[in-house]
Amino acid sequence: MNVVVVGIGYVGLSNAVLFSRKHNVVLCDVNADRVEAVNKGISPFKDDLIEKFLSENPNIITATVEPTEAYRKADFVIVAVNTDYDESLDGFNTANLDSVIADVDKINPKAILIIRSTVPVGYTQSIKKKLNLTNIVFCPEFLREGKALYDSLNPSRIIVGGSKDVAKSVMNLFCSCVDIKDNATFYMNSNEAESVKLFSNAYLAMRIGFFNELHSYALSKGFDAKNIIKGVSADHRIGNYYNNPSFGYGGYCLPKDTKQLISSFKDIPNDILKSIPKSNITRRKFIVDWIKKNKAQKIGIYRLIAKKDSDNFRNSIMMDIVKDLEDEEKIQISIYEPLLNESIWKKVSLEKDFENFVKSCDLIIANRLDSKIQNLGGKKIFTADLFTTDL
């Protein structure tokens, strides 16, 4: 089969690698730098398995900024472009996705379109009706940043939302490249599949908020949060996973998907969902107040990244914490972040030498610990990272 993947993000690239094991794959993106990197066998972002695959299998995937010929030959076109949340729209901006779908339909109406971008509930049905499409499905992805290829190769479930005949062809495509049990494959309509994606991420955000509030309570009372979490999580209905406190959820997916789901409810009553973003803001304020109460004058921010082993700090909670602390007159802030070339705050300095960073701080703030900072001896570190994992 000829498979075209549009979008060289971690979803698109991991899908391209997955299908290249059994099919001919072309990757398309408007970003020439990313296209060039893939054609050189280099991953544009951090994912150990993707990096390993590309280095060991050069030229197995072709990338291009000119998709027309690829569309013309395609049996399947997987669309994984960004759909950022737009506050003015009170929902996702699907303009890029709309454009790709229209182009594919114009060039090759027989190709089966697989939407993997996260969309508002009702989007697939709407674009299908608008363009009079017959070969389109929504297939939600559940990939973790930094582990996208691993999750693609070992999916927890495969969900295809669309008409039965087209959905079966898509399911067969996925099952040709992964081993998965029948009870982990689901057919449903596109509205339901879109809902699964949004509710899944909203639940993860809610779970983060729950354990963060537990940590706030324990910290305020002088209790050992680690003991409490272990005791709570021993109940198999709750589970001993995804229970490591943090300063708050962030990154690209959870904030925007939770907002989109809340927007989708419109006049349908909901209290839990609306409380999730509020809880995250409350948690951040609690952390900032706790830092202020420490009365340290020289504060070091260790890494801005949203999660452990990430290679970006887009929408990270640490960015917000720095903003909250920046205007405190009695506090001097320095940041150690190898991904940053210069400080993006006027009153915050960037320290590129780790040893100098450690020496210059009275208190180090770390959302996540790693081997570099875990063994600093008597240096004072404030973190909520009790289990050193994001799982």
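Each Cβ is built from the backbone N, Cα and C atoms, and glycine gets one as well.
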Per TrEMBL, member of Lys256, Lys259, Lys372 binding NAD(+) alongside Asp29, Arg34, Thr83, Thr118, Glu145, Arg314:
Lys256
Of the candidates Lys73, Lys298, Lys307, the one that TrEMBL places in the substrate site of Phe142, Leu143, Arg144, Glu145, Lys197, Tyr242, Asn243, Asn244, Pro245, Ser246, Gly250:
Lys307
Give me the CA-CA distance between Lys197 (substrate binding site) and Cys253 (active site, nucleophile), in Å, as a whole number.
11
Tally of helix, strand and coil residues over the domain 'UDP-glucose/GDP-mannose dehydrogenase C-terminal' (300-384) according to DSSP?
20 helix, 16 strand, 49 coil
Using DSSP with the three-state reduction, classify Lys256 (NAD(+) binding site) as helix, strand or coil.
helix
Rounded distance in angstrom between the Cα atoms of Gly250 (substrate binding site) and Arg314 (NAD(+) binding site):
8
How many Å separate the Cα atoms of Phe142 (substrate binding site) and Arg34 (NAD(+) binding site)?
23
State the mean pLDDT for the domain 'UDP-glucose/GDP-mannose dehydrogenase C-terminal' (300-384).
91
Restricting to the record's NAD(+)-binding residues (Asp29, Arg34, Thr83, Thr118, Glu145, Lys256, Arg314), give me the longest CA-CA distance in Å as a whole number.
24
